[in-house]
Amino acid sequence: TLKCARKNSELKVEKDGVSDNESKVDSGVPEVPVPPDDTPEVLNKALSGLSSRWKNWWVRGILTLAMISFFFFIIYLGPMVLMMIVLCVQIKCFHEIITIGYSVYHSYHLPWFRTLSWYFLLCVNYFFYGETVTDYFFTLVQREEPLRILSKYHRFISFALYLTGFCMFVLSLVKKHYRLQFYMFGWTHVTLLIVVTQSHLIIHNLFEGMIWFIVPISCVICNDIMAYMFGFFFGRTPLIKLSPKKTWEGFIGGFFSTIVFGIMLSYVMAGYRCFVCPVEFNNDSNSFQVDCEPSDLFQLQDYALPSVLESVTGWTTVRLYPFQIHSIALSTFASIVGPFGGFFASGFKRAFKIKDFANTIPGHGGIMDRFDCQYLMATFVNVYIASFIRGPNPSKVIQQLLALRADQQLHIFNSLKAHLIEKGLLPALEEAAA
């Protein structure tokens, strides 16, 4: 029996070339060095007489106002700057998560780990941004020969780049670190899925109209602030073990505050074309333009109130933008499901015994700590638009038709003409023209 036990123990250690170091990592919980407190010295001196609880409250409040001011400023600068900020936030979030992995496993000297991680980030961004350029800048791409060639073979080039990184990873495998290297390979790809894919969806939402970018992000910010405020002053009942400071009072208070905020913000923004019109590229001026005739979604309409509300308010109807009704769905998701992005991040941080992803923003942690809910929200908004809002886009159909050969365009023209005649629409159009 002792012989069999010893043999099984040896197999457990030696199987698949797993070293003692890897066994140690598998059995224990890795830790990340705790970053030092980087609260500005001015704030430390000004708040030195307060307890740590109130000091943290003031630090978070001051930095929150600063971040909100910066958010308004970049909105004022326009969609192009917003896209660049989204890219910068994406890179910083990726850096924070990859740095945690490197901090945990750097002592094992995994070859090419950081190099390959950043290479894969470059490949994925090349693929997504190339798709975006081809989709939204079609005329410009067709006009420039180098861009047209890159667009035509974009997916093949993207795949070739990724395949190169894949082969580099396989060549970097070291026998004593097989398991750890595959851990980090998966770590990198999950990070790419969470961070890069979601930031790409944020940019797609922005092209639908700045209101689809600003309202969801603002709802998440509002819910985060109001949940913190209600929890700070009234919180008594713990909400979830993953995040001990979250309370039911904060969760419920944040929910109702976000619903009201979403309806009010939507009402204000729906009246401005610069917010509701899709962001489109003007080929004549080679710049972005935000100008259109607002759709029915952004036209005031009368809605009959339920009898219960009618008896309370005395109103029979109420004038609302249809988008305000959609904002209720966005606000509900931001306040009920959105926080689970934060809980997910909390579970990740607890797994590695860290408080924050980084110490970039005093009182708030890293950039990823502020955007953990935003990425989940971006996916929901993109799915929501595709499912309930977006219809066929005539301009994109025309762009695709113009890229066809002359005989193909003629065939489509004759088919469309026959269809309109069959429907009885073409004669009516001809009479109207006469």
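Including glycine, each Cβ sits where the backbone N, Cα and C put it.
Range with TrEMBL annotation transmembrane segment, chosen from 300-322, 323-345, is 323-345. Contact between the transmembrane segment (181-203) and the transmembrane segment (323-345) does not hold: fewer than three of their C-beta pairs are under 8 Å, each pair 6 or more apart in sequence.
If you look at the transmembrane segment (82-105), the same-chain residues 6 or more away from its ends with a CB under 8 A from one of its CBs are 25, 30-33, 74-75, 113-114, 117-118, 121, 125, 180, 183-184, 187-188, 191-192, 195-196, 199, 202-203, 206, 210, 213, 352, 354, 357-358, 360, 366-368, 371.
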